[in-house]
Amino acid sequence: MKYIKKELQSKKDYKKAPFSDVHWRVYISILLGQIACGYALGISGIALDQAGSYLPLTNFWTGLIGAGGLIGLFGSIFMGRLADKVGRKGLLMLNMYIFTILSLAHLFVTNLFLIFLLRLGLGLMMAIDYTVGNALLIEWLPTGESGKKQSRLLIYWSIGFILAYLIGSYLGGFSQGWKYSFTSSFIFGLIAAIFRSFAKIPASPSWLASRGKNAKAQKVIQRNLGSKWGLSERLLSIKVKNISWLHLFSKKYRRQTLVGGLFYASQAFSFFGISIFLPILLKSMGVTNANMSGILYNGSMLIGVVIGIWIFNKISRRSFLVVSFLSSAIALAAMVFLDISLWAKLGIFSLFSVILSSSLVLDYPYPSELFDVKVRATGMGICIAISRIGAACGTFLLPILTDMGGSQLAMLVCALVLFIGSMICLVWAPETSPKFMKKNEILENEVTE
């Protein structure tokens, strides 16, 4: 036993290995899932707008079905917990196949409640990619690469989201078009599922070590990286503990859990509420060429993500959050209170899209940087679950608010939520970027850098 322990301790930390084949396999597996998730969420509003002439949709059902995927993402709290108990690999090998089946099922359903249940199920499968996928990514990628690669995932999520708008725009115009729009997400889910099967996603060595399976973790590392790599001394010394959800609200994790969830929720409220029901909002603003304006908005969103990636490591995480949220709130408020032309409003709306979407690059790295390996998937699951409450509320309320007070009321509420988010980050958000942290601010549970 002593010999085995000494043998394990003699290996180099696998997190310091150069970027190689296994890292690419894990990364591509996750980014394909992000494209599928972005597409499935983006197509919802397009399909509902198309279905308006063929289904008995009220504002209630429009909001509920539109929010269905986001409500399903609340399952992150359970999927993260499950992943911390049974591991990452199995869940990620299965979820995209179920995602594909649920997407195809839209072809055979016209009942509004059943459509809602399908969206709910899709959200649950997406919850696995959001929590488990990001946990596996940060636990495999080399030190210094995980944050950068996670921030770049938003490009692929945005590509999926924008593709939904472009493809969905060409699937309308006939009675079954809304069905084909909903169903079309199966293509991206199937691609992700097949790739993961052939790429053979490895188990997480960090998770195995956290469960006391050091020898098995070592075998996984050697199989994928070579015999000279192994677990770090920190991972070898981890004590196996059964940790409950309540532990994340203990003194050690309370701040991380609340900030991680609330920043995400305030951002998601506005982003998903506006993005998913963009056609409805644009009509309320008096925009006649909704397709061109939609392309302008989505193009601005992609530009924002690229800008966000560029500045990701150039400013602190905390400053990034505060400035982007506050600037977005000011842009929306300007559209409400300033007496300006429609073209000026569209310009400010595009600027809002650039600013808010730039902050999306923090959605994956920041929550995962807040938690250690013992609770990472559970912690991320809770943060994402809290955020999906915000997203579901925004998606459910936006068509209702627009109907009550037009686009101005909807944008004013979104601006208020973003302002509250900026104040939460200003007061409570911890800094997690090693480049900008002071020595006395370094979190004990940080393992990403």
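A Cβ is built for glycine as well, from the same backbone N, Cα and C atoms used for every other residue.
Sequence-distant contacts of the transmembrane segment (26-48) (same chain, at least 6 residues past either end, Cβ-Cβ under 8 Å): 57, 62, 65-66, 68-70, 92, 96, 99, 103, 119, 122, 126, 129-130, 133-134, 136-137, 140-141, 149, 153-154, 156-165, 167-169, 172, 178-179, 181-182, 184-185, 188-189, 191-192, 195-196, 199, 201-202, 272, 275-280. The transmembrane segment annotation in TrEMBL covers 26-48 (among others).
Annotation source TrEMBL lists domain 'Major facilitator superfamily (MFS) profile' at 26-433.
Positions annotated as transmembrane segment by TrEMBL: 60-79 (among others). Sequence-distant contacts of the transmembrane segment (60-79) (same chain, six or more residues past either end, CB-CB distance under 8 Å): 40-41, 44-45, 48, 52, 91, 112, 115-128, 130-132, 245, 268, 272, 276-277, 377, 380-385, 388-389, 391-393, 395-400.
The transmembrane segment annotation in TrEMBL covers 91-116 (among others).
Per TrEMBL, transmembrane segment is recorded for 122-141 (among others).
According to TrEMBL, the feature transmembrane segment maps to 153-174 (among others).
The transmembrane segment annotation in TrEMBL covers 180-199 (among others).
Per TrEMBL, the feature transmembrane segment maps to 258-282 (among others). Taking Cβ pairs closer than 8 Å, the transmembrane segment (258-282) reaches residues 41-42, 44-46, 49, 66, 70, 161, 165, 290, 293-294, 297, 301, 321, 325, 328, 332, 356-357, 359-360, 363, 366-367, 370, 379-380, 382-391, 393-395, 397-399, 402, 407, 410-411, 414-415, 417-418, 420-421, 424-425, 428-430 in its own chain, all 6 or more past its ends.
Within its own chain, the transmembrane segment (294-313) has Cβ neighbours under 8 Å at 147-148, 151-152, 154-155, 158-159, 161-162, 165-166, 169, 275, 278-279, 282, 320, 346, 349-351, 353-362, 365, 433, 435, counting only residues six or more beyond its boundaries. The transmembrane segment annotation in TrEMBL covers 294-313 (among others).
Distant neighbours of the transmembrane segment (320-340): 263, 266-267, 270, 311-312, 348-349, 351-352, 355-356, 358-359, 362, 366, 408, 411-412, 414-416, 418-419, 421-422, 425-426, 429; these residues of the same chain sit at least 6 beyond its ends, with a Cβ under 8 Å from one of its Cβ atoms. Sequence annotations record features per position, and here TrEMBL assigns transmembrane segment to 320-340 (among others).
For 346-366 (among others), the entry in TrEMBL reads transmembrane segment.
Annotation source TrEMBL lists transmembrane segment at 378-401 (among others).
Among the features that TrEMBL reports, transmembrane segment is placed at 407-429 (among others).
Here the domain 'Major facilitator superfamily (MFS) profile' (26-433) returns a mean pLDDT of 87 for the predicted model.
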